[in-house]
Amino acid sequence: MSDIEQRVKKIVCEQLGANEADVKNASSFVDDLGADSLDTVELVMALEEEFDCEIPDEEAEKITTVQQAIDYVNANVK
Amino acid sequence: MLNQQVALVTGASRGIGAAIAVALGKQGAIVIGTATSTSGAEAITAALNAAGVNGIGMALDVTQPEQVDAVLKQIATQFGDVSILVNNAGITKDTLLMRMKDEDWDAVLNTNLKSVFRMSQAVLRPMMKARQGRIVNISSVVGHMGNAGQTNYAAAKAGMTGFTKSMAMEVGSRGITVNCVAPGFIETDMTAELPEEIKTKMLERIAIGRLGQVDEIAATVAFLASPAAAYITGETIHVNGGMYCA
């Protein structure tokens, strides 16, 4: 597991109160991990903080799974 | 009761805001009161000290986003994150609608309503993280019953009510409550400006038969800020002596 993948999963676990075992790359925040709309906003805010970046709203909307979050960070954060 | 929680009260140099700042401090909160001028901020510090309350005054114009950011940063560094916000800062520019200028409208809406959006948003992040927070917005009986000569003020205060209800729904699941306290006719500098005949007319409508005191508003705010009020949110508590029964 890459460092970024680990950090993303850790944040997802913390924010959504999910078990590490349930957080898979394909997991959807809403459908699989039970996030509500406020949870997803908080999650994006936590990612911004962790990776010291700003995720625009139109990009944030597209991040609905763990893998998408990892991909976003890989593509946009140095 | 508010053991070492950080409370931010806007417009705290006099009137209702000053009383709220002291009341929260007496419950054990660390209080930061704001005023638009440096001299106002100094007066707040002096008043808090005189009341034996832990806290200081800071200069803040709530219509200026960069000032809001700077003040919140300073508070976070010096005292910790704000867990109680009282949006009290407000102004009036009374005139009949026929004569109301754009500036009168904008000034009142910016200071009284947009500031509530800005301040509430600014304190929300740490509150969400802490799963705890209290926001109390000081509205007015005028926002509910209307008042000739105050279309701008009444619109801003009524807007605050809708904001409060909606925000309460958004953040309730995070242990954050958002409420309004709607004062009636309270003895302050703001109401002292009113013409005598309007005062007499208003007094006739007050069931309790007297003006309200700032401490009577402050006590209600202190209650809403306390752990005892954890199940009240999106609500407006009217404190008006029976002047208007909502």
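Cβ from N, Cα, C; glycine included.
The domain 'Carrier' feature in TrEMBL is assigned to A:2-77.
In this chain, none of the residues that are 6 or more apart from A:Ser37 (O-(pantetheine 4'-phosphoryl)serine) has a CB less than 8 Å from its CB. Per TrEMBL, the feature O-(pantetheine 4'-phosphoryl)serine maps to A:Ser37.
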DSSP state at A:Ser37 (O-(pantetheine 4'-phosphoryl)serine), helix/strand/coil: helix
